[in-house]
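Here's the structure, in structure tokens; my notes come after.
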Amino acid sequence: CLITQIVTGLLLAMHYTADTSLAFSSVAHMCRDVQFGWLIRNLHANGASFFFICIYLHIGRGIYYGSYLYKETWNVGVILLLTLMATAFVGYVLPWGQMSFWGATVITNLLSAIPYIGQTLVEWAWGGFSVDNPTLTRFFALHFLLPFVIAGLTLVHLTFLHETGSNNPLGIPSDCDKIPFHPYYTTKDILGFVLMFSLLASLALFSPNSLGDPENFTPANPLVTPPHIKPEWYFLFAYAILRSIPNKLGGVLALLASILVLFMLPLLHTSKLRSMTFRPLSQILFWTLVANVLVLTW
């Protein structure tokens, strides 16, 4: 997923213009005039959704099998998730449609909930007194640079993983069962890549806009607020938590807690068993959490 996103992103960056008066039309130009630009754009836009599906499944597996007890690997993984969320957010602003503009306005305004320095931070992030040209320019720069930070963190994550070894459903070391990486896992990884890329290509070719927002086909207009401002589906669980609390600071703290609680998991684990395979009560709590996230996203 990461390689696909970086390659398609670099190709898109060659034709994108980080200027409020030209950004929307440059994306339209890519889709209409550039050779296979529409396909590259659709692969990149939907690739983000696939990336998050893989990440959320990976986190779910990690929680279920107690992978968080490998603290270094887990903490680097959580930092990776936060970096990925930041990259996806700034990337969503770049097409400069209605939802891009108003999404950026609402989310950056959350910084104003911080006492004393909140408003200063918001204006610093904007580069002015509203979301405008300086905001778009810096968001483009961040969106270009952060994927390389993600690639670096992925290597660190894998280095720690090789130190500890992967987890398994039993939650016990399985050195006696180890097999060579090639050809067994090479074949398995190629099969996984082909399957995922086939699904992504099918979505990009047959239903490219099913995960997008219709409002984003309208150029950004600061004078017209869309009736429903909402982020992409992979942030909806956090956004639902934010909206459910009437106090602004309380909502922001709850939103942060819903993600940063992952750092606390190694400290909250008290059982002698690593995996949830033999812990029915933990399984019930885990599937309740999954149901909660799905309901909040829905």
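Including glycine, each Cβ sits where the backbone N, Cα and C put it.
Annotated features in TrEMBL:
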- 1-170: domain 'Cytochrome b/b6 N-terminal region profile' (DOMAIN)
- 47-64: transmembrane segment (TRANSMEM)
- 76-94: transmembrane segment (TRANSMEM)
- 100-118: transmembrane segment (TRANSMEM)
- 139-160: transmembrane segment (TRANSMEM)
- 171-298: domain 'Cytochrome b/b6 C-terminal region profile' (DOMAIN)
- 190-207: transmembrane segment (TRANSMEM)
- 249-268: transmembrane segment (TRANSMEM)
- 280-297: transmembrane segment (TRANSMEM)
From the DSSP assignment alone, can you count helix, strand and coil residues within the domain 'Cytochrome b/b6 C-terminal region profile' (171-298)? 84 helix, 1 strand, 43 coil
Can you work out the mean pLDDT of the predicted model over the domain 'Cytochrome b/b6 N-terminal region profile' (1-170)? 92
Is the transmembrane segment (139-160) packed against any residues at least 6 beyond its ends, judged by a Cβ distance under 8 Å, and which are they? 2, 5-6, 9, 13, 16, 18, 70, 72-73, 76-77, 79-80, 83-84, 86-87, 90-91, 93-94, 104
Distal contacts, the transmembrane segment (190-207) - CB-CB under 8 A, six or more residues away: 1, 4, 39, 42-43, 46-47, 50, 54
